[in-house]
């Protein structure tokens with residue numbers, strides 16, 4: 001993963017763009033879209049899929065300007081705050097007002113660019129955990145805005161973080177081809193999750209997620225596969241194969257029985273985890289993005305999957321049919337990160353255009 005050029009969302013320079021890129025047949029040109037399928041603002045527009053019933057409408061709520069590329073966005077558990085990561089700092093914004101309430105500047109003396117690739121709130125909202133290019137994980141106490149603990153052990157950049165819902169466990173994914181499970185309270189590394197038999201040059205772990213019940217850890221990798229481990233033993237349970245290029249994002253559905261992945265092959269896939277350890281299957285492939293899929297998330301009611309892409313667009317998908325509900329164009333560069341609010345109603349996007357945005361999605365009343 002290229003950490004020197006985050007505006008391309010650290011996509012490998014030789015990454016293939018071949019794969020499941022079957023395009024939907026409806027128009028992306030806002031000048032050729034019927035009015036009832038179009039929703040727009042001063043610098044954004046959303047086009048609904050004419051081939052499916054319209055169920056959602058979307059509106060821009062806030063735009064948060066940053067001094068560099070926004071590498072990551074993440075809501076607090078109560079949905080009241082949004083954290084972002086960019087060059088040398090993380091910020092926290094009030095979702096209702098859009099105002100910055102906290103800036104966590106990373107002391108990186110002697111280093112030019114160090115990007116905060118991942119941010120994650122503790123469930124109680126007292127801490128923010130950040131992962132950066134300098135191989136370190138920092139646990140910030142938000143009341144004092146000071147670092148409570150620094151977790152060291154990874155040998156390459158930290159690309160992704162997640163925290164279990166009970167707040168006891170942190171999982172990190174790194175360019176050193178491992179994921180690690182940490183004890184949140186004491187900062188001890190409990191397990192180093194290895195990739196198993198890897199016969200490719202680079203199996204960096206690009207994305208990690210903890211299942212809602214805390215028993216599973218999923219990790220996406222540059223080697224095109226998704227791995228699932230037991231968080232209590234560190235045992236590798238399953239390798240999910242089917243993507244044709246690097247996997248850049250993974251997210252569990254709320255019931256923990258489905259995993260969604262996004263890939264540089266321009267597709268998303270959903271995986272049935274009910275047969276974990278006995279051969280999980282791909283339930284659906286989501287086709288429609290024109291370029292790398294860089295981030296995926298699942299709504300808290302399990303009704304929608306959202307994805308961000310290097311094609312600068314965001315798409316909402318029906319996870320049952322794999323059909324696109326709408327396409328949103330609201331950034332001038334890659335959409336590197338997407339997040340759904342655990343409280344519903346809102347989602348956020350972070351982009352190479354140095355902006356984070358908060359959006360509202362609502363059901364259309366018949």
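In case you wondered, yes, glycine gets a Cβ from its N, Cα and C as well.
Here the structure is a predicted model, which means the values were calculated and not measured.
Here's what TrEMBL has on this protein:
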type: COMPBIAS; residues: 1-25; note: compositional bias 'Polar residues'
type: REGION; residues: 1-30; note: region 'Disordered'
type: REPEAT; residues: 116-150; note: repeat 'WD'
type: REPEAT; residues: 151-192; note: repeat 'WD'
type: REPEAT; residues: 198-239; note: repeat 'WD'
type: REPEAT; residues: 240-273; note: repeat 'WD'
type: REPEAT; residues: 286-318; note: repeat 'WD'
type: REPEAT; residues: 328-366; note: repeat 'WD'
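The repeat 'WD' (198-239) is in contact with the repeat 'WD' (151-192), judged by 3+ CB-CB distances under 8 Å for residue pairs 6 or more apart in sequence.
For the repeat 'WD' (151-192), residue counts in helix, strand and coil come to 0 helix, 23 strand, 19 coil, using DSSP. Taken together, the residues in the repeat 'WD' (116-150) have a mean pLDDT of 96 on the 0 to 100 scale.
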